[in-house]
Amino acid sequence: MALPSLHEFPWLTTVIAYPVLAALFIPLIPAPAGDPSTRAYAQKLAERIRWFALFIAVTDLLILLAGFYVGYDPGQTGLQLLERYTWVPQVGLSWSVGADGLSMPLILLTAFITTLAILAAWPVTLKPRLFYFLMLAMYGGQIGVFAVQDMLLFFLMWELELIPVYLLLSIWGGANRLYAATKFILYTALSSLFILVAGLAMAFYGDPISFDMTDLAHKTYPLTFQLLMYGAFLIAYGVKLPIFPLHTWLPDAHGEATAPVHMLLAGILLKMGGYALMRMNAGMLPDAHLYFAPVLIVLGVVNIIFAALTSFAQRNLKRKIACSSISHMGFVLIGIGSLTEIGMSGAMLQMISHGLIGASLFFLVGATYDRTHTLELEEMGGVGLKMPKIFSMFTACSLASLALPGMSGFVAEIMVFIGMATTDAYSLPFRLVVVFLAAVGVILTPIYLLSMLRQIFFGPENKELTEHEELVDAEPREVFIIACLLIPIIGIGLYPKLVTSLYDQSTNALVALLRQELPQTGETVAQAPALYNN
């Protein structure tokens, strides 16, 4: 019997299933000898488990890179690495996975960030079996969200990812972890019902009855139906992005999470909302998107300004960075709503860029907290001389967050600005107002970020803190993690085509789909209702 070729190998199924199945073996890892009640025993047990988890994460990343090299062509617009297997034929559920330019960059980002998050979790000794089981299960679930091509399967993956986050927050979080975890699960679980209801409605509308995303995208829906489905999806994905006013779970979750969970929340979780808006709202419901596009832009501007202003008022370091994340995701909304190739490309690049920058900042917040045991900015100060490496890394990552030229955030935001300024889908006054307000948000960002750096590292010295023996500089593991994140941040900033070439064909095809009517009529989006009165 001939072995399947590398092109026929189930790469994506393997990448999704491998960490989940490997996690099931964690309870079988033998415990070390000694007294289970001692700290030394807990450290030895955690060390065995963390090395196993890191090995699984690294090998899964290598498998993904091999599949990317063998079977993915960035020049194509359609789905690649496609696999379809009948799973539950009674309800029309199939195991269908594939990747294109909208999903492959985010799949790669997920594998990369999760591997670093597991390395960042090195100090965790509380219930290590459960902790690393959840981390690996979340690894597979998050890749599944970006890879699956079946609506029911997408919903299952979306829900699978929620449970590990809830447990990681509620068990390993801070003092208010139960409140934050409960708020997270209520927001996300309730909003997920909109995905299920809208997905079922689209599947059972017309013929054929199908949950396959390709079939759903090719169905013809009346405008009213599209608008209802679009609104339902927008609520669900707006919680995850997050969009104001559905954002309030995020500062609480970040305020209580540990460093590795921070990295997953900021680096991957928020991107699920942006990806779904592109894939389902814009890709499956293009007519409705013309109506909602200006709404997305307005919401994006509100995100940028409101979150930037809120960040000024925050005195908690984690919450301040969380608010900056909300602000940065506003550019994703503007890019998606711009209806231009460069704007849509900028939105995708902003998701990738923020994934790297957000993960780096929150990791450094965790590293700083491990040494200072406080998150209140008033209690910090003068620690820069004692921690020069952490100060240098924090400064570099903060400069990336404020979109310094030469770093990825600058390129992404400039692309969104150009897309919004040059689009012919909106009137000139609307474009000018949006660009001006977004620019105000960009100006506010360095003010609160640089002020934060000054307060932490060079503010009035807290001698009780600076003279504490635990206040030590970064260790090699921490320097390695930040270096792994800064290299692509700077690399993308200097040569963005390194990443944009992975998805430009897909984002351009999506924009072409959305603009089919506009070039023919010369109408702006504000006049879009006339397009559907024929």
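Using the three backbone atoms N, Cα and C, a Cβ is placed for every residue, glycine included.
What Swiss-Prot records for 9-29, 51-71, 106-126, 130-150, 152-172, 184-204, 258-278, 326-346, 347-367, 399-419, 432-452, 479-499 (among others) is transmembrane segment.
Counting Cβ pairs under 8 Å to the transmembrane segment (326-346), the stretch among 9-29, 152-172, 399-419 with the most such contacts is 399-419. Residues 48-49, 52-53, 56-57, 59-60, 63-64, 66-67, 70-71, 81, 83, 95, 97-99, 107, 111, 129, 132-133, 136-137, 139-141, 143-144, 147 of the same chain lie 6 or more positions beyond the ends of the transmembrane segment (9-29) yet place their CB under 8 Å from a CB of it. Only pairs six or more apart in sequence are counted, and the transmembrane segment (106-126) with the transmembrane segment (184-204) gives fewer than three Cβ pairs under 8 Å, not enough to call it a contact. Sequence-distant residue pairs (6 or more apart) of the transmembrane segment (258-278) and the transmembrane segment (152-172) include at least 3 whose Cβ atoms are under 8 Å, placing the two stretches in contact. A Cβ distance under 8 Å defines the sequence-distant neighbours of the transmembrane segment (432-452), meaning residues of its chain 6+ beyond its ends; these are 297, 300-301, 304-305, 308-309, 311-312, 317, 320, 324, 327, 330-331, 334, 377, 398, 401-403, 413, 416-417, 420-421, 426. Touching of the transmembrane segment (347-367) and the transmembrane segment (479-499) is concluded from the presence of at least three CB pairs under 8 A, sequence neighbours closer than 6 excluded. Away from its own ends, the transmembrane segment (184-204) comes close to residues 92, 151-152, 154-155, 158-159, 162, 165-166, 169, 210-211, 216, 219, 221, 225, 228-229, 232-233, 235-236, 238-240, 246, 248-249, 252-253, 284 of its chain (Cβ-Cβ under 8 Å, at least six residues beyond either end).
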